[in-house]
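Lifted from TrEMBL, the feature list:
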- B:1-193: domain 'Heme-copper oxidase subunit III family profile' (DOMAIN)
- B:18-41: transmembrane segment (TRANSMEM)
- B:61-80: transmembrane segment (TRANSMEM)
- B:92-110: transmembrane segment (TRANSMEM)
- B:130-151: transmembrane segment (TRANSMEM)
- B:172-192: transmembrane segment (TRANSMEM)
Amino acid sequence: MKKSLVITYGTLILLTWTTALISASNAISEITFFLIMGISAIKFLMVAFQFMELKKANPFWKTSLSIALALIILLIVFVG
Amino acid sequence: MTTLKIDYKNIYYPPGGILMWIIIFLELITFGMALVAFSFYASEQPELFHHSRLHLNTTFGAVNTVFLLTSGFFMANAVLEFKENNRNKSSLYFKLAMLGGLLFLILKSVEYYQKLEAGLTPETNVFFAFYWLLTAFHLIHVIMGLVILVWTNYGMMRKISDTSIEDVEACAAFWHMCDLIWLLLFPVLYLIL
């Protein structure tokens, strides 16, 4: 097992439980809303760049996926 | 022992293949737009969405996230071992990845059963229409992904195998796509709106 994959996996699990704890402990305010969506975006990018090895790909693919994710998250946040 | 190499920096060869990435982008846009529509309806009917969301089991959602992430972790290791020509080890990781997918399916089935028992169907209200539509569409992807995993694992373990690293990477990319979609669905459906 590659060390970077183990670290990524550990961080992803930690972030998942952090998100669950944040949502369970607070009433959903604007800050927790942004925090939860921010953590989800980080997890999304970690899976794409580390597990899917997008970090090795041409910058076009890295940029495109990051822009697509940013657009989806921003639309969800501002429409909602 | 040889290590298989592909020039990933070439724009036409992202890990998993260009066709798979086109599919991934199309899926993300489809689910993304559905989630934006969900957010729009949530802003229109905040009370209804808040009360409906309370019927969802956040623990199930979080555990399912862990199942998918664990499965994705094993899938990434399976690709790595395949590149190193360790087919037996790669196959073991494939099976562990499949186990994660199966556990996801089992827990999702329990969740669906509880919803149906409580009379929470797609006709209940607009929240549950979105809930069923989005999670069931995602579930179909997970089932498809499992079929692809079984087929690829079977192909690569045959005595005379023509399974290439491109095939394994494309299979892995599809499986990780299920993770990516779920990482967007889980917070929006279960946690925030």
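Positions of Cβ are set from backbone N, Cα and C atoms, glycine also.
In terms of C-beta pairs under 8 Å, the stretch of B:18-41, B:92-110, B:172-192 lying closest in packing to the transmembrane segment (B:130-151) is B:172-192. Packing against the transmembrane segment (B:92-110) from elsewhere in the chain are residues 60, 63-64, 67-68, 70-72, 74-75, 77-78, 81, 135, 139, 142-143, 145-146, 149-150, 152-153, 175, 178: each is 6 or more residues past its ends and has a CB under 8 Å from a CB in it.
The domain 'Heme-copper oxidase subunit III family profile' (B:1-193) scores a mean pLDDT of 93 in the predicted structure.
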